[in-house]
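According to Swiss-Prot, the feature active site, proton acceptor maps to GLU179. Positions annotated as Mg(2+) binding site by Swiss-Prot: ASP43, ASP82, GLU112. Under the heading 3-methyl-2-oxobutanoate binding site, Swiss-Prot lists ASP43, SER44, ASP82, LYS110, citing sequence analysis as support.
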Amino acid sequence: MISLSDLRKFKAEGRKFSCLTCYDASMAKAMELAEIDTILIGDSLGMAIQGRDSTLPVTVEDMAYHTAAVRRGNQHALIMTDLPFMSYATLNDALQNAKTVMQAGAQMIKIEGGAWLSETVQVLTRNGVPVCVHLGLTPQSVHVFGGYKLQARTREAADQLIADCTAVVEAGAAVLLLECVPAQLGQEIAELFPNTPVIGIGAGNATDGQVLVVQDMLGLTFGRVARFVRNFMKEQSGETAILDAFKAFHAAVQDQSFPAKEHTFQVEL
């Protein structure tokens with residue numbers, strides 16, 4: 001089973017690692033066979049599984065249910081679970097809700113925010129809960145951002161994001177996840193923290209790992225598709241098409257053919 005120590009080793013060795021969202025045991029098993037390194041039980045299940053307009057209605061109970069299902073189906077990947085909207089507003093909430101999803105099978109929890117999360121990160125880490133902090137475009141704050149848009153478009157905004165990353169890493173964050181930021185910034189942050197694995201989604205191909213929502217990479221997105229998405233399913237055929245799509249994603253992340261230039265945001269900072 002892959003651990004946080006393995007992710008740190010991968011970064012030190014320059015080996016890129018793969019991450020996909022997953023919500024059920026059957027997909028989890030296919031990801032195990034494809035040797036996907038990391039699985040995120042994301043609150044994206046609100047949209048991808050529950051058919052909602054955002055992640056905001058998702059509950060801790062939802063996250064624990066799907067975490068347990070994924071863990072039963074996959075004994076290979078590191079399992080990371082989102083704490084959903086407003087479930088870590090207080091330190092006590094963060095501890096109790098982290099306990100719930102960790103007992104369901106998570107090895108790490110993910111929370112969204114910046115420097116203001118430092119105390120939460122510190123308390124969780126001291127209590128044995130590895131924390132991934134999600135920065136950049138954070139879907140739980142979609143109404144604050146006014147929609148799903150590229151973040152850190154200016155040098156000033158990029159420096160603020162770097163300051164947020166620094167604060168949470170110093171507080172003990174084990175992993176960073178950057179969403180929807182310029183490729184140059186993704187590279188800067190990955191290089192700035194040599195002992196902290198950085199996962200990207202729409203953050204260029206210089207981050208240490210890459211994550212996609214599984215429905216997106218299988219072509220099950222109806223309507224507008226984000227720039228950073230590649231449909232790996234359309235390249236496959238036959239009864240093993242889904243498994244082959246997972247294998248193709250894993251290989252493309254490792255050889256850095258994904259994300260390609262067309263999947264990234266090129267902004268001069």
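All positions are counted from 1 along the displayed chain.
Quick reminder: no glycine exception, Cβ is built from N, Cα and C everywhere.
Positions of the features from Swiss-Prot, shown on the structure.
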{"residue": "ASP43", "record": "Mg(2+) binding site", "DSSP (3 states)": "coil"}
{"residue": "ASP82", "record": "Mg(2+) binding site", "DSSP (3 states)": "strand"}
{"residue": "LYS110", "record": "3-methyl-2-oxobutanoate binding site", "DSSP (3 states)": "strand"}
{"residue": "GLU179", "record": "active site, proton acceptor", "DSSP (3 states)": "strand"}
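Distance from the CA of LYS110 (3-methyl-2-oxobutanoate binding site) to the CA of ASP82 (Mg(2+) binding site) is 5 Å. A simple Cβ count within 10 Å picks out one of the recorded positions ASP43, SER44, LYS110, GLU112, GLU179 as the most packed, and that one is ASP43. All chains included, 31 other C-beta atoms sit within 10 angstroms of the C-beta of ASP82 (Mg(2+) binding site).
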